[in-house]
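Record features (TrEMBL):
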type     : residues : note
DOMAIN   : 72-184   : domain 'CUB'
DISULFID : C72-C99  : disulfide bond
DOMAIN   : 186-251  : domain 'Sushi'
DOMAIN   : 252-321  : domain 'Sushi'
DOMAIN   : 337-479  : domain 'Peptidase S1'
Amino acid sequence: MSITFRSDFSNEERFTGFDAHYMAVDVDECKEREDEELSCDHYCHNYIGGYYCSCRFGYILHTDNRTCRVECSDNLFTQRTGVITSPDFPNPYPKSSECLYTIELEEGFMVNLQFEDIFDIEDHPEVPCPYDYIKIKVGPKVLGPFCGEKAPEPISTQSHSVLILFHSDNSGENRGWRLSYRAAGNECPELQPPVHGKIEPSQAKYFFKDQVLVSCDTGYKVLKDNVEMDTFQIECLKDGTWSNKIPTCKIVDCRAPGELEHGLITFSTRNNLTTYKSEIKYSCQEPYYKMLNNNTGIYTCSAQGVWMNKVLGRSLPTCLPECGQPSRSLPSLVKRIIGGRNAEPGLFPWQALIVVEDTSRVPNDKWFGSGALLSASWILTAAHVLRSQRRDTTVIPVSKEHVTVYLGLHDVRDKSGAVNSSAARVVLHPDFNIQNYNHDIALVQLQEPVPLGPHVMPVCLPRLEPGGRLGHLQSQCDS
């Protein structure tokens, strides 16, 4: 502002002139005025003679020192699905911004874009997108620009790598945009589950990276390259093929059942099958052996490929020797010891002949005695039979190497058909007295259990009940 004072050459009257006062009043540039844009996008700071602008956190002041823009050029998306928006959506997006969004997926996927209905980008009624716009770049191909209030149709890019560029100028108050993307892989051929099997998950279509698990019905196993397994997994590859062929389902085979000592196996299923749900039955060699606890002996081939019994599980039954079961009926009792009669073969199958040949003495000493078979491995006899012959009263058992036991023997002179066994252990009663024959009892453990049959069977031990009952007495003679 300037003030000019001018006077001419004449002063007919005496004029006093003027005296003016002035004052400086600062203008508030930050004050909002009608029909004018704000001085600053975000924050305006006034000072005497001027003002300056600043931005909210996350924004950068533009070179015009007035507009606030965002740094949005390093957005990378690698997940198979996601959501991308303009800055501050659904609020108006920043001005003077250049945003770059990169979607980078594994090769073999294709990116599909879907814009939401809220789409608001500044446009022009005559010129296509001169101010703000969004462009989509797929390789050398560029889609767009897009602006206005109508969202683009869904876009299938047919690529795993997509660039989205968003530009805004220094004017306008528009809400922006929001899109979701989803990866779609190459489609793999339709799968058919194996016979007696299934695939999970079951889908109408399978795409790249989809995985399926092949399993079989109960009683069947997955068979792949001659290897049995519970499940098998395959994957859809990026070229649209499966990583493996669908394996087959093979029925579980329990194979040949284990042998049962002193027992027999009967196949209940036709053709002696050993596959799932087949049945077998174990039985003991009667009448010489009996199954422990009266078990049924029925085993079924389980889905795990093992023979299972309802009571014993996978354990085999036990065949115990029967006792006191001669192959011939006992004759009528003769109530005396002296004057007995010859026994028929098989009447006393528990009778044992114990032969002692003591080679430790000079000359060698040999004698024999009688015993009774208590089980497949133990013989009961008299202690004096197994005492080493001595002149004093000391009790020393003969060496086990000098003892031989014969079973199933009817004639001591003919041992050809007898079952003979060596001794593994000789046990005399610790209180045996050679002078009065008190505690004259001993045991012989056989080297191996003897097989039972019509002429070899254990004797039954008496029960804990009052005596006085009549019994049989047998002995062995050499004539």
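Every residue, even glycine, has its Cβ placed from backbone N, Cα and C.
Annotations in TrEMBL come from automatic prediction, not curation.
Among the listed disulfide-bonded residues, namely C72, C99, the Cβ with the most fellow Cβ atoms inside 10 Å is that of C99. The recorded stretches the domain 'Sushi' (252-321) and the domain 'Peptidase S1' (337-479) share 3+ CB pairs below 8 A when only pairs 6 or more apart in sequence are counted, and are therefore in contact. Within the model, the domain 'Sushi' (252-321) shows a mean pLDDT value of 93, rounded to a whole number. Taken through DSSP, the domain 'Peptidase S1' (337-479) splits into 7 helix, 45 strand, 91 coil. Sorting the domain 'CUB' (72-184) by DSSP state (H, G, I as helix; E, B as strand; all else coil) yields 0 helix, 55 strand, 58 coil.
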